[in-house]
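Asks: Checked Swiss-Prot, it gives:
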SIGNAL    1-28  signal peptide
REPEAT    47-89  repeat 'FG-GAP 1'
REPEAT    106-148  repeat 'FG-GAP 2'
REPEAT    284-334  repeat 'FG-GAP 3'
REPEAT    396-438  repeat 'FG-GAP 4'
DOMAIN    560-606  domain 'EGF-like'
DISULFID  Cys564-Cys578  disulfide bond
DISULFID  Cys571-Cys587  disulfide bond
DISULFID  Cys593-Cys606  disulfide bond
Amino acid sequence: MAPSADPGMVRMALLLLPPLWLLPLTGGSQRAEPMFTAVTNSVLPPDYDSNPTQLNYGVAVTDVDHDGDFEIVVAGYTGPNLVLKYNRAQNRLVNIAVDERSSPYYALRDRQGNAIGVTACDIDGDGREEIYFLNTNNAFSGVATYTDKLFKFRNNRWEDILSDDVNVARGVASLFAGRSVACVDRTGSGRYSIYIANYAYGDVGPDALIEMDPEASDLSRGILALRDVAAEAGVSKYTAGRGVSVGPILSSSASDIFCDNENGPNFLFHNQGNGTFVDTAASAGVDDPHQHGRGVALADFNRDGKVDIVYGNWNGPHRLYLQMSAHGKVRFRDIASPKFSTPSPVRTVIAADFDNDQELEVFFNNIAYRSSSANRLFRVIRREHGDPLIEELNPGDALEPEGRGTGGVVTDFDGDGMLDLILSHGESMAQPLSVFRGNQGFSNNWLRVVPRTRFGAFARGAKVVLYTKKSGAHLRIIDGGSGYLCEMEPVAHFGLGRDEASSVEVTWPDGKMVSRSVASEEMNSVLEILYPQDEDKLQNTAPLECGQGFSQQDNGHCMDTNECIQFPFVCPRDKPVCVNTYGSYRCRTNKRCNRGYEPNEDGTACVAQVAFLGGYSSAAFRLSEPLSQASYLSLGLGLCLQLYAL
């Protein structure tokens with residue numbers, strides 16, 4: 001006969017268990033409706049010219065032929081690089097970088113290079129994006145046997161400027177093995193630098209930051225001199241670099257840089273406003289030193305106006321870090337659900353609204369490493385005054401359990417307002433590219449915003465906020481590099497469901513801002529926003545509809561309304577404490593808590609302050625890291641006392 005349990009111990013255990021309604025919702029079972037349908041056979045059928053079966057890696061989206069439409073640039077590892085253009089007459093993607101020396105795109109093929117990372121941006125201010133390929137010939141780390149390529153459209157064709165005499169003499173062409181590359185306008189000039197995440201071997205191969213040297217360049221004569229400014233910018237570090245993403249993460253407008261690394265801590269380079277950076281990853285709680293990062297993306301998942309970070313760890317727990325503020329300092333908190341964080345051999349991570357329902361999805365592109373490993377898809381659903389609900393979705397045809405996923409991008413290449421998904425494969429098996437279209441949300445509203453730099457190029461790193469009539473403010477960053485080895489389209493894509501946009505605001509890396517109304521007839525279209533000229537300041541006082549929770553300020557821009565200072569007072573007597581939030585407010589009771597505890601979001605209970613858990617800072621407490629027995633004991637005892645007090 002089994003011994004009976006002690007009733008007192010059972011009651012104690014029940015007290016220590018949180019109520020079921022306080023447990024985070026994780027979505028339960030996977031949603032049955034498939035999100036994606038494969039259209040590869042009709043849009044990009046495998047063939048020798050446009051979709052060869054080869055090892056491919058990074059993918060980027062830019063306007064290669066300068067005709068106003070996007071092309072998809074693919075980094076070929078065992079074959080040529082590809083430039084895929086959508087042919088509307090044929091309803092197909094066609095490679096325009098053909099194997100003909102007379103073609104202006106011939107050099108982009110670079111058949112000799114083992115390309116892995118790719119990015120595009122305007123480095124010289126001519127209004128046209130250059131294209132950078134990171135090659136890793138014959139090297140996993142340290143020194144490679146073939147240089148990277150930086151292509152510029154010059155003399156009516158694409159040419160590698162790293163091989164120009166001036167740059168050969170300067171020794172700026174990287175011979176180091178690396179992974180991701182990304183574009184950053186570090187000073188707000190409209191001219192971009194290229195951040196190179198090298199894979200160091202000991203003290204060989206630090207990260208690099210390549211940009212134009214204006215004093216040594218003569219653009220009228222076609223001379224574009226380059227320099228590596230990583231050391232002076234404060235980003236020259238030795239690490240096993242993996243993923244890179246760029247945007248105003250900590251800054252209000254200036255571009256910061258997040259790098260998730262392997263065999264070492266991540267970097268969060270905070271732009272100091274003068275083009276130099278300070279690594280704040282540890283203090284912000286995103287250093288994750290014991291994991292091995294891969295794909296990364298930036299987004300505002302809970303629509304609080306702050307930039308959050310999502311990334312995958314190689315066969316480790318994936319992270320979804322919400323940006324918080326504690327005592328005036330930035331902290332990130334991992335809210336990944338158990339299913340979301342489940343380890344996998346992840347490569348690319350993409351955050352986008354694939355069904356235009358207002359909520360962002362996160363796509364994990366895995367590689368079939370040693371065994372099958374299907375791709376995964378999650379919806380991150382905003383909840384008022386609470387952490388987002390994370391719901392697992394059915395990727396449909398994009399499941400690809402045997403896919404050797406290495407890269408991927410989103411773009412709307414056919415102009416229907418729905419994001420298309422392009423995945424690359426390789427490394428352990430040659431596979432063609434895959435193309436997918438969404439199955440859901442065809443009747444939902446959408447808006448696509450394309451900001452331009454002062455020179456007319458895509459304003460990568462710019463922040464776009466769309467104010468709506470019913471659902472508050474939505475934030476996007478114009479991508480300068482993300483995913484893993486990749487760069488998404490330079491568009492702020494907003495899915496709006498049944499809602500409509502009221503106004504849009506663009507903030508450039510130099511702090512310049514433009515706000516304008518969005519008319520009803522402009523819904524379901526593409527808006528281009530030009531860089532503001534000095535005379536545009538006179539137009540900023542035009543009336544704007546900012547939507548619920550926001551109001552137009554004297555400077556002409558929409559800002560959060562502080563309802564807590566309004567008269568009459570907005571909170572009832574039983575919840576007299578008003579807390580202003582982004583686009584809203586909440587009311588809670590005036591609850592007092594013992595030392596080491598603080599009121600929860602609605603003030604109904606006291607919860608332990610993270611700073612008191614075993615000496616861990618409140619930056620980012622992780623249950624995956626061991627606590628001492630004394631810490632667990634003090635935490636459990638404290639919870640008992642607080643529950644008893646209630």
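For all residues, glycine too, the Cβ spot is worked out from N, Cα and C.
Keep in mind it's a predicted model, so treat the numbers as computed, not measured.
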Asks: Quick test of the contact rule: Cβ under 8 Å, at least six residues beyond the ends. What residues does that give for the repeat 'FG-GAP 2' (106-148)?
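Replies: Distant contacts of the repeat 'FG-GAP 2' (106-148): 57-64, 66, 73-81, 83, 97-100, 157-163, 173-183, 189-194, 196-197, 199-202, 204-205, 210-212, 217, 219, 224, 240, 453, 455-458, 460, 480-481, 485-487.
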Asks: Quick check for the class: what is the C-alpha distance, in angstrom and rounded, between Cys606 (disulfide bond) and Cys587 (disulfide bond)?
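Replies: Between the alpha carbons of Cys606 (disulfide bond) and Cys587 (disulfide bond) there are 16 Å.
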Asks: Within 10 Å of each Cβ, count the other Cβ atoms, then let me know which of the disulfide-bonded residues Cys564, Cys606 comes out lowest.
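Replies: Minimum Cβ neighbour count within 10 Å, taken over the disulfide-bonded residues Cys564, Cys606, occurs at Cys564.
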Asks: Restricting to the disulfide-bonded residues Cys571, Cys587, Cys593, which ones have a CA within 10 Å of the CA of Cys564 (disulfide bond)?
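Replies: Qualifying among Cys571, Cys587, Cys593: Cys571, Cys587.
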Asks: Going by DSSP, how much of the domain 'EGF-like' (560-606) is helix, how much is strand and how much is coil, in residues?
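Replies: Counting residues per DSSP class in the domain 'EGF-like' (560-606), I get 3 helix, 15 strand, 29 coil.
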Asks: I need the CA-to-CA distance for Cys593 (disulfide bond) versus Cys587 (disulfide bond), whole Å please.
Replies: 17
Asks: Give the mean pLDDT for the repeat 'FG-GAP 3' (284-334) on the 0 to 100 scale.
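Replies: Summarising the repeat 'FG-GAP 3' (284-334) by its mean pLDDT gives 95.
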Asks: Can you count the other CB atoms that lie within 10 A of the CB of Cys593 (disulfide bond)?
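Replies: Cβ-Cβ neighbours of Cys593 (disulfide bond) within 10 Å number 17.
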Asks: Under a criterion of Cβ-Cβ distance under 8 Å and sequence separation of at least 6, what residues of the same chain contact Cys571 (disulfide bond)?
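Replies: Correct list: Cys564, Val577, Cys578, Cys587.
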